[in-house]
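I have placed the structure first, in the form of structure tokens, so that the comments after it can refer back to it.
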């Protein structure tokens, strides 16, 4: 759930493919060792994919590298950059793989992986039959005989390449500010999908007028223009009544806002990006969009998703159901979520929330920092976890901010933290996508490799140490109890406050009743995040709980929905 900007500054493709794995917040990083860890991880992932492509297609390593580059889109110079890497490093990679060396040995020889004074030798694959040092020395001898070692051995930064500098700057700006990069009128809504555009918050319908944006109350009943971008405007010629007044007045419109981490934003790396037997041109069609959304897919998330699910299940996002309940809520969604977000650092980007107390509709706010307060990459992980006292102070600061920005009549729902022991229990003896071809990399090995590189996103739960996993769950329960206490004892002028458990065990039980297995609810590449199915099942449980216990939170069901569809169709889409 933690993926900082630095991840875009190592060796291109690998980071495109392994961005999820280098998942610790930048504010906590030990500098060079973290950067070296990213470079190592990216190199091992990329060399593994090249090696497996050669094996699957019974081709040479050279052909495998060219095949991989041919799969990539031209957008964002991805294909160009791939061929640049092949030209720079390809000859040496060929020589090393031709010597039957595994990807981790190759990357140590190429010095993408480094062993420091306190950094152990990290390996993903089973150790070679010969001693590790002997294998590494053999690899170095191969490179000494190479005539192509013309590239620098340190300070690699793909963003220094002239044709990638602007792309990197755009992504960096998007991540740091958490507001749309393309937003002419600076109203925090955009007509562009990615780079924090309408994949994250309702699409603007007039990007040259900052008084026009989703979620606002209509201006003069939107007689002349659609000021709130819900697709309802103008006057009914039959009776002279404005459509907004006829269809929406008294229907209690409201928006949905998520304050979340990468789980809420639906962080997702398609496994076919790493699985040689499944790779094709079609596998990477969404790569440019995913990269400019920080490898998140909020348009498919459980809270703010507006596209139909790709998973095939019937459950819908909370926004989707809120819009179905009242079509006047069209486009009123915001995903104020960020990779690495926690109660500690939400204050750094909560200003990106777009809500005006004087001119906007109320909102339902879901506070869902479900992991990073107990998850970190530190070797001594427990002291780095948020304490109940810190959680109380952090959340109260957030709620105070919301009280000064949300319109009266809003609602805030605090999500508890899950018990993440299911991660290890469900995955540790299964094969990671990189290990499925040759049955040589389990999730236990993968987690250990990340931990060695100081990149494990959750040393507490993604650990073979059962005692540590238990301690992490105990702290998560303490923090959930703190949230529950806040919800039951604190009051605010502009919103009421509720608490819901993030009961992942109930989601697992639900899924098993449908014939599924727990591991099918976890993102396969990072082995950490809930996947699309899990997010939608959780959204369904939250919706049902609200509907049963606090139905006023959802507002009325609009009796004019069918008439809105008849007059305005899909209301301009999303």
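Here, residue 1 is simply the first one shown, and the rest follow in order.
Using N, Cα and C of the backbone, Cβ positions are placed for all residues, glycine too.
Residues annotated as signal peptide in Swiss-Prot: 1-22.
Annotation source Swiss-Prot lists domain 'Saposin B-type' at 36-117.
According to Swiss-Prot, the disulfide bond annotation covers 40-113 (among others), on the basis of experimental evidence. Within the same chain, residues at least six positions away from residue 113 (disulfide bond) with a Cβ under 8 Å of its Cβ are 36, 39, 40, 43, 44, 104, 107, 122.
Swiss-Prot lists 43-107 (among others) with the feature disulfide bond, giving experimental evidence as the kind of evidence.
For 58 (among others), the entry in Swiss-Prot reads N-linked glycosylation site. Around the Cβ of residue 58 (N-linked glycosylation site), a 10 Å sphere holds 7 further Cβ atoms from the protein chains shown.
Residues annotated as disulfide bond in Swiss-Prot: 69-82 (among others). For residue 82 (disulfide bond), other Cβ atoms within 10 Å of its Cβ number 21.
The disulfide bond annotation in Swiss-Prot covers 122-452 (among others). Neighbour density for residue 122 (disulfide bond): within 10 A of its CB lie 23 other CB atoms from the protein chains shown.
Here Swiss-Prot flags 159-168 (among others) as disulfide bond. Counting every protein chain shown, the number of other Cβ atoms lying within 10 Å of the Cβ of residue 168 (disulfide bond) is 17.
The region 'Lipopolysaccharide binding' annotation in Swiss-Prot covers 172-176. Confidence across the region 'Lipopolysaccharide binding' (172-176), taken as the mean pLDDT and rounded to a whole number, stands at 75.
Taking the Cβ of residue 183 (Ca(2+) 1 binding site) as reference, residues of its chain lying under 8 Å away and at least six apart in sequence are, in sequence order, 189, 190, 204, 207. Marked as Ca(2+) 1 binding site by Swiss-Prot on the basis of experimental evidence: 183, 185, 187, 189, 204, 207.
Positions annotated as Ca(2+) 2 binding site by Swiss-Prot: 185, 187, 204, 206, 209, 212. The 10 Å shell around the Cβ of residue 209 (Ca(2+) 2 binding site) contains 14 further Cβ atoms across the protein chains shown.
Taken from Swiss-Prot, the feature disulfide bond covers 205-229 (among others). For residue 205 (disulfide bond), the same-chain residues 6+ apart in sequence whose C-beta sits under 8 angstroms from its C-beta are 212, 226, 229, 572.
Taking the Cβ of residue 206 (Ca(2+) 2 binding site) as centre and 10 Å as the limit, one finds 18 other Cβ atoms among all the protein chains shown. DSSP assigns residue 206 (Ca(2+) 2 binding site) to coil in the three-state reduction, placing it in neither a helix nor a strand. Taken from Swiss-Prot, the feature N-linked glycosylation site applies to 206 (among others), supported by experimental evidence.
Look at Swiss-Prot and you will find 222, 226, 228, 230, 232, 244 tagged as Ca(2+) 3 binding site. Of all the Cβ atoms in the protein chains shown, 31 others lie within 10 Å of the Cβ of residue 230 (Ca(2+) 3 binding site). DSSP gives residue 230 (Ca(2+) 3 binding site) a coil state; it is part of no helix or strand.
Around residue 328 (disulfide bond), taking its Cβ as the centre, 27 other Cβ atoms fall within 10 Å, counting all chains. In the three-state DSSP reading, residue 328 (disulfide bond) counts as helix. Under the heading disulfide bond, Swiss-Prot lists 248-328 (among others), citing experimental evidence as support.
Packing around residue 344 (site 'Interacts with lipopolysaccharide') is summarised by its Cβ count: 19 other Cβ atoms lie within 10 angstroms of its Cβ, all protein chains included. Residue 344 (site 'Interacts with lipopolysaccharide') falls outside any helix or strand according to DSSP and counts as coil. Per Swiss-Prot, the feature site 'Interacts with lipopolysaccharide' maps to 344.
Listed recorded positions: 43, 212, 248, 375. The one with the lowest count of other Cβ atoms within 10 Å of its Cβ is 212. Here the Cα atom of residue 82 (disulfide bond) is found 21 Å from that of residue 58 (N-linked glycosylation site). Inclusion criterion for the recorded positions 58, 168, 230, 244, 344, 375: a C-alpha placed within 10 angstroms of the C-alpha of residue 187 (Ca(2+) 1 binding site); this criterion is met by none of them. Sorting the domain 'Saposin B-type' (36-117) by DSSP state (H, G, I as helix; E, B as strand; all else coil) yields 63 helix, 0 strand, 19 coil. Spatial neighbours are here defined as Cα atoms within 10 angstroms of one another, and by that definition the neighbours of residue 232 (Ca(2+) 3 binding site) among the disulfide-bonded residues 248, 328, 452 are 248, 328. Annotated Ca(2+) 3 site 222, 226, 228, 230, 232, 244; additional same-chain residues within 8 Å of its Cβ mean position, judged by their own Cβ, are 218, 227, 229, 231, 233, 243, 248, 328. Considering other CB atoms within 10 Å as the measure, the emptiest surroundings among the recorded positions 228, 408, 465 are those of 408.
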